[in-house]
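What follows is one structure encoded as C-alpha cells, with my remarks underneath.
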Amino acid sequence: MKNTSKFQNVVIVTIVGWLVLFVFLPNLMIIGTSFLTRDDASFVKMVFTLDNYARLLDPLYFEVLLHSLNMALIATLSCLVLGYPFAWFLAKLPEKIRPLLLFLLIVPFWTNSLIRIYGLKIFLSTKGYLNEFLLWLGVIDTPIRIMFTPSAVIIGLVYILLPFMVMPLYSSIEKLDKPLLEAARDLGASKMQTFIRIIIPLTMPGIVAGCLLVMLPAMGLFYVSDLMGGAKNLLIGNVIKVQFLNIRDWPFGAATSITLTIVMGLMLLIYWRASRLLNKKVSDISD
C-alpha cells in the first residue's frame, strides 16, 4: 500500500510539474508580455501599457476576428453535414469492418497536415488534377479558379478537421439504445420523426463535442489560409504569426493570442454548460 501511495504521489507531482512548466509558465509569460511595450532593439520594453489590447478594437483587427469566427463556423457546419452521415454509416457497419475504416480514418494523421494542404493545393489549382479531369470530361471549357478564395480556405479546413468531427459522432451513434429506436417505430413514429426527436437529442453530446473540436483549431490554422486563401483571406492566427515573425511586435502578438484564448475559453464554458444540460436531457429521454 505504501509503495502504491508513493507511486501515485510521484505521478501526480510529475503531471503537475509538467503542466506548470509547459502550460502555466508559458501562458503567464504571454500574459505578461501582452502588457509591455514594443522595442525595436530587444523586442520588448519593460513599460506597462494597455495599448496592445486597445489596438484590437481597431476595425481592421476586429474585422479579421469576425472573419475568423465566420470561417470557423462555416467549416464546422460543413464538417457536421459531411461527418454525421459518414459516422452513422460507420456505426451501422458489421463489427468486423469497423476497425478497418476507423484505421483508414486515422491514417491521414500519420502525415503532417501542412504536407496534406500542399497536396490539396496542387489538386485544386488551375492546372491541377481536378480541373484537368473536368476539362477532359467536357464539363467545363476553362479551368475553375478555386484557389485563393474563401471557399478554398473552407475546403482546406474541412479537409484537415473532418476526422475530429467524425470521431465523437461515431462514439455517440454507436451508443444509441436500439430498443428505444425500435419502440419509437412500434409506436408509429416515422424515420424522420425518430431521427429528429430521438436520435439527434441522444447524439447531441457528440455533435457539440465535434463542433468544439473543429471550431477551436479552425480559428488558428494560419497555414491553411496562407496556402489556400492568400493575403485576402486572413484568419486571426495569421495576425498572430505576422506580429511575432515578421513585424516583431511581440506585445501585440501576445495580446492577440490572449484574446483568442479568452474567446476559446468562453466556447469551452458554453460547451461545459451545454453538455450538462444535454446529458440531463439524454437521461430523461432514456428513462
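Note: Cβ is positioned from N, Cα and C throughout, glycine not excepted.
The model shown is predicted, which means the values in this text are computed figures rather than measured ones.
Swiss-Prot assigns E63 and V239 to the same side of the membrane. Here the topological domain 'Cytoplasmic' (92-99) is broken down by DSSP into helix, strand and coil counts: 3 helix, 0 strand, 5 coil. For the transmembrane segment (198-218), the residues of the chain that approach it from at least six positions outside its boundaries are 71-73, 75-76, 79-80, 83-84, 87, 157, 161, 164-173, 176-177, 180-181, 184, 189, 264, 267-268, 271, 274-275, 278-279, 281-282, 285-286, judged by C-beta separation under 8 angstroms. Residues 71-72, 74-76, 78-80, 82-83, 86-87, 90, 105-106, 108-109, 113, 116-117, 120-121, 124-126, 130, 210-211, 213-214, 217-218, 221, 224-225, 227-230, 232-233, 235 of the same chain lie 6+ residues outside the transmembrane segment (146-166) yet bring a C-beta within less than 8 angstroms of a C-beta in it.
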